[in-house]
């Protein structure tokens, strides 16, 4: 399982809609932009978002002798993507499965997909602490998993669930690489006043309480939203934005941690 | 290890179970095709007995997480309870891994008591009561790390062993997705003799990445034969407290909920603008019915639409 993958990073959050998939895709794209070979696996079976976010909807998975071939975003084959979205005939089809079937599917994604040589595999997860998460954690005992990045928004109702996810990581023995606070402020396009719609600083507070590194605070930036549907990285498109700055920090943090030599900047 | 079902499995509940060509070779074929073995879950009768005085059940669903299912449930409950003081309302939080209702309804730290007729739900107001797994956890940090069957058992207990009493409407707040929790609650509550007792409301936000999952949820309801009362679009716009101009935080590049409702042939109940004051009050568990702004006006309209269609 995942023999050719050097590092595995799981992106988690107890809460839904906090930006796990957006952070996962932008992190994968940022790692690629800094010269790494990256894989992105979407294990949200009931609500896969990665195909849409990368503009890959409608791509078909092919089978080869060694298993399923993931979707490559371009000729360079530096970003490989796998999601249940590629296996559905219609984008509106629901996947109405109970736990055991979801477990089988995730095991297949990890064992039967032909993950080539790659520096990082990013795993995007659904919200909660249930079948999908237990399965991934069980599989992670057999492969070199570096740890988890937790995504949260700053409001109390999200933090409640994220605290449960941190407990889950501690109980299952997965290392917490850090917390990313997303959607922390919205800059009004009319008057440039920044409003903290979902209050502020919750992620930083939580990181302090849980004694986990705080990896950064991402604002609500509509310019980043516009990038969804393409494989453009914020690092190249919006190099001066705070989102790009934070993604660069996370990449550096990961490279230092995983001791993968950073290739020459592209 | 369990063998995966055959590719064209008709489903164990189907009339064709065990009989169609796809079933040939399936290890469960003999179980599926034996008519005497089609036992109904004994929990269903227990649930029906416990819920006999609950007139209507309303599922608050969304394929997507974080769109405001729990907040909308809270806002609706508060408003309905205030506008219809003679009716009784209950809230059941079936989000087992991430319960939010205790905080939003201002009941953090409350306890559930056992009585002769079962668990007593926590009273929120004169005519509102609440049950959530949050009340059974020792601390906010406690994680519920359960696979499907255990979640199913918990939901069955919530439906059959809670002393709901006489309720006019039970609102059920759900987790995102179309999986164990949803299948369990629907199988326990759907009554083919009284199909009008179970309805669904779908909550969404305007951006395509949310609508994508919400369409799946609407198709889930159609497949499970649950009538959809309508769709509520949450966080539709944001009014800046500084300059007063509205802007779209989650741009509706594909027409938002309105376009999706036409495409999926479901009614749109209304749109709720994003208001930092409402968000903050909800986080603190305060009652928002005294507030007057665009969000509460929209809520009043939605509530009257809901009550008139039940």
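Just so it is clear, glycine is given a Cβ too, placed from its N, Cα and C backbone atoms.
Note that this is a predicted model, so its numbers are computed, not measured.
What Swiss-Prot lists as ATP binding site is A:14, A:15, A:16, A:17, A:18, A:19, A:20, A:21, and the listing cites sequence analysis. The [4Fe-4S] cluster binding site feature in Swiss-Prot is assigned to A:188, A:191; the stated evidence is sequence analysis.
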What three-state secondary structure does DSSP assign to residue A:21 (ATP binding site)?
helix
Neighbour count (Cβ, 10 Å) for residue A:15 (ATP binding site):
27
Out of A:18, A:191, which of the binding-site residues has the smallest number of neighbouring Cβ atoms within 10 Å?
A:191
Quick one: pull the CA-CA distance for residue A:19 (ATP binding site) versus residue A:188 ([4Fe-4S] cluster binding site), whole Å only.
20
Please report the Cα separation of residue A:18 (ATP binding site) and residue A:188 ([4Fe-4S] cluster binding site) in Å, rounded to an integer.
20
Could you state the whole-number distance in Å separating the C-alpha atoms of residue A:17 (ATP binding site) and residue A:188 ([4Fe-4S] cluster binding site)?
21
Which residue, of the binding-site residues A:14, A:17, A:19, has its CB surrounded by the fewest other CB atoms within 10 A?
A:19
What binding-site residues among A:14, A:16, A:21 are found with a C-alpha within 10 angstroms of that of residue A:188 ([4Fe-4S] cluster binding site)?
none
